[in-house]
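S.K.: What TrEMBL records for this protein is below:
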type	residues	note
DNA_BIND	A:181-240	DNA-binding region
COMPBIAS	A:170-180	compositional bias 'Low complexity'
COMPBIAS	A:349-358	compositional bias 'Low complexity'
DOMAIN	A:53-140	domain 'CUT'
DOMAIN	A:179-239	domain 'Homeobox'
REGION	A:1-48	region 'Disordered'
REGION	A:156-185	region 'Disordered'
REGION	A:249-284	region 'Disordered'
REGION	A:305-326	region 'Disordered'
REGION	A:349-374	region 'Disordered'
DNA sequence: TCCTAGTCAATACT
DNA sequence: AGTATTGACTAGGA
């Protein structure tokens, strides 16, 4: 991939990580770069030469929340970092791992590709030697690091770049040979973000024209504004998923139940409710209904001029999920984790949250968010309706 | 062409 | 040093 993107951690070319040690799978994805699809004849350790893709395809529904919870637990208990875990087990970078562990999307909302890390995690959890393997890896890294440090010290260089990470070379992408000066990362200031959020509240899907305006007003590139909207929408959507999971009782026993998710924008500002307003779960998926799930909750915060009161209280949620209904799981009850039945021995999934639960006493801050969600959701619906309206033939309407 | 899903990777935070 | 956040980018769907 030309850019940094696809390549990924799996560039673990010659570092100690990949190969070695007991049979840790080097999760390499296709070397070529073709990425996603085909390749990956990754022979998962104990599973009859199936590629992960195949395993993912065959996998029954997994409880992503329980899996990440367990993984976090194991990692912290054993003092293993996300970076090591991500690079050696998942083939993802630290940031991605952090994100994944903190906000897992429910299984039924994941694409095949998105499910892969969870299947890997599940497999890892089931491996009785998972921890020790990773520990070995850690030791090796440390050793290598020390070595490098020593040698460079004698050379008189500093070893800063010693990001144990293998790749890291930005050179990989400069085929021509010369380093293209990397463009500095754009960092939006609080005011800019504020303005963008405001704009989002009024129009989650701004027109090109609006985007242009925003860009010039904020002095940003239009692509930055576009990216911001894309990212914001998708991240808010994710927050919603988390709520869904938790509202559905997804948390396990030990959990405190607090959702780490919704942390609106820093307190500061005067804005009463801003933060993660949201957008809707318009979840397209298979065309089900408008995602307006979320029961009603009232809430203060009437800013931005949107009022939004009632809406169809639809059940939202996804529809028909694939096979679902796991077949042979039946875990040992209580704790998730191990057990190992069936091909995967997966732990049952708490299945789709049929949301719409009427409970949820409504925790203070949550209320506002829900309201916002509904509001934004409506915007989404409107967006879609407008789109549909542009189609003459009703049969083309999607909803 | 526009959107979403997934990620990367820089960098802010702890 | 490890973790969290987030702008940018790729792939793929419609």
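Note that Cβ sites are derived from N, Cα and C of the backbone, with glycine treated the same way.
A TrEMBL annotation is a machine prediction, not a hand-curated record.
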S.K.: Let's see if you can do this one: DSSP helix, strand and coil counts over the domain 'CUT' (A:53-140), in that order.
M.R.: 67 helix, 0 strand, 21 coil
S.K.: Mind tallying the DNA-binding region (A:181-240) by DSSP state, helix then strand then coil?
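M.R.: Computed counts for the DNA-binding region (A:181-240) are 43 helix, 0 strand, 17 coil.
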